[in-house]
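Asks: The structure that follows is given in the form of structure tokens.
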Amino acid sequence: VLSGEDKNNIKTAWGKIGGHAAEYGAEALERMFVVYPTTKTYFPHFDVSHGSGQVKAHGKKVADALTTAVGHLDDLPGALSALSDLHAHKLRVDPVNFKLLSHCLLVTLANHIPADFTPAVHASLDKFLASVSTVLTSKYR
């Protein structure tokens, strides 16, 4: 459960990301593909090389979904219901991959906003991404 402080930290950090969300989303995906190469199996039709237009486009989708989630911290299940259905029923993404991408996103954010990536912000963003992952995998059961 996200506390009031967590919600404030998440909104503030996401505000610092600003117009770079799509870029950071793509960078996190690229990082995931390099560090966890088995994740590429979910993107057989993608060019997963550095700078790929397909990775950039999917990074924007990830960033847009997270921006939606940041705007609906009190109702993540409602805000992400369609995305949860998509990943559970059509894409059938292994739930562990959400954790891997979350980790890569945290590393990416720490790299780009180091002054604002305090231990408290790190903890809040980690809880947020874990909550998003839980919602996205909730319909697997």
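We count from 1, first residue shown onward.
Note that Cβ sites are derived from N, Cα and C of the backbone, with glycine treated the same way.
For His58, the entry in Swiss-Prot reads O2 binding site, with the evidence type sequence analysis. The heme b binding site annotation in Swiss-Prot covers His87, and the record cites sequence analysis as its basis. Sequence annotations record features per position, and here Swiss-Prot assigns domain 'Globin' to 1-141. Here Swiss-Prot flags Ser3, Ser49, Ser102, Ser124, Ser131 (among others) as phosphoserine, drawing on similarity to another entry. Residues or ranges marked as N6-succinyllysine in Swiss-Prot: Lys7, Lys16, Lys40 (among others). Residues or ranges marked as N6-acetyllysine by Swiss-Prot: Lys16. Residues annotated as phosphotyrosine in Swiss-Prot: Tyr24. As annotated by Swiss-Prot, phosphothreonine applies to Thr108, Thr137 (among others).
Quick one: how deep are these features, and who are their neighbours?
Replies: All protein chains included, His58 (O2 binding site) registers 18 other Cβ atoms within 10 Å of its own Cβ. For the recorded site, His58 (O2 binding site), the DSSP three-state label reads helix.
Following the DSSP three-state reduction, the secondary structure of His87 (heme b binding site) is helix. Every protein chain considered, the tally of other Cβ atoms within 10 Å of the Cβ of His87 (heme b binding site) stands at 21.
For Ser3 (phosphoserine), the Cβ neighbour count at a 10 Å cut-off comes to 10, with all displayed protein chains included.
In the three-state DSSP classification, Lys7 (N6-succinyllysine) falls within a helix. Counting only same-chain residues six or more apart in sequence, the Cβ atoms lying under 8 angstroms from the Cβ of Lys7 (N6-succinyllysine) belong to Leu73, Ser124.
Cβ neighbours within 10 Å of Lys16 (N6-succinyllysine), excluding its own Cβ and spanning all shown chains: 15.
For Tyr24 (phosphotyrosine), the Cβ neighbour count at a 10 Å cut-off comes to 20, with all displayed protein chains included.
The local packing around Lys40 (N6-succinyllysine), expressed as other Cβ atoms within 10 Å of its Cβ over all shown chains, amounts to 13. Lys40 (N6-succinyllysine) carries a helical DSSP state (H, G or I).
Just so you know, the Cβ of Ser49 (phosphoserine) picks up 10 other Cβ atoms within 10 Å once every protein chain is counted.
Non-local neighbourhood of Ser102 (phosphoserine): Asp126, Leu129, Ala130, Val132, Ser133, each in the same chain, at least six residues away, with C-beta under 8 Å from its C-beta.
DSSP assigns Thr108 (phosphothreonine) to a helix. Of all Cβ atoms in the shown protein chains, 23 besides its own fall within 10 Å of the Cβ of Thr108 (phosphothreonine).
Look at Ser124 (phosphoserine): DSSP puts it in a helix. Every protein chain shown contributes to the tally, and the Cβ of Ser124 (phosphoserine) ends up with 22 other Cβ atoms within 10 Å.
For Ser131 (phosphoserine), the count of additional Cβ atoms within 10 Å of its Cβ stands at 19 [all protein chains shown].
In the three-state DSSP classification, Thr137 (phosphothreonine) falls within a helix. Taking Cβ-Cβ distances under 8 Å and a sequence gap of 6 or more within the same chain, the neighbours of Thr137 (phosphothreonine) are Ser84, His87, Ala88, Pro95, Phe98.
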Asks: Can you tell which of the recorded positions Ser3, Lys16, Tyr24, Ser49, His58 lies nearest to Thr108 (phosphothreonine) in space, using Cα positions?
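Replies: The answer is Tyr24.
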Asks: Please tell me which one of the modified residues listed here (Ser3, Lys16, Lys40) sits closest to Ser49 (phosphoserine), measuring Cα to Cα?
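Replies: Of the modified residues Ser3, Lys16, Lys40, Lys40 has its Cα closest to that of Ser49 (phosphoserine).
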Asks: Would you mind reading off the Cα separation of His58 (O2 binding site) from Ser131 (phosphoserine), to the nearest angstrom?
Replies: 21
Asks: Using only C-alpha positions, which one of Ser3, Tyr24, Lys40, Ser131 is spatially nearest Lys16 (N6-succinyllysine)? These are the modified residues in the record.
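Replies: Looking at Cα distances from Lys16 (N6-succinyllysine), the smallest one goes to Tyr24.
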Asks: Using C-alpha atoms only, work out the spacing between Ser3 (phosphoserine) and Lys40 (N6-succinyllysine) and round it to an integer in Å.
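Replies: That comes out at 35 Å between the alpha carbons.
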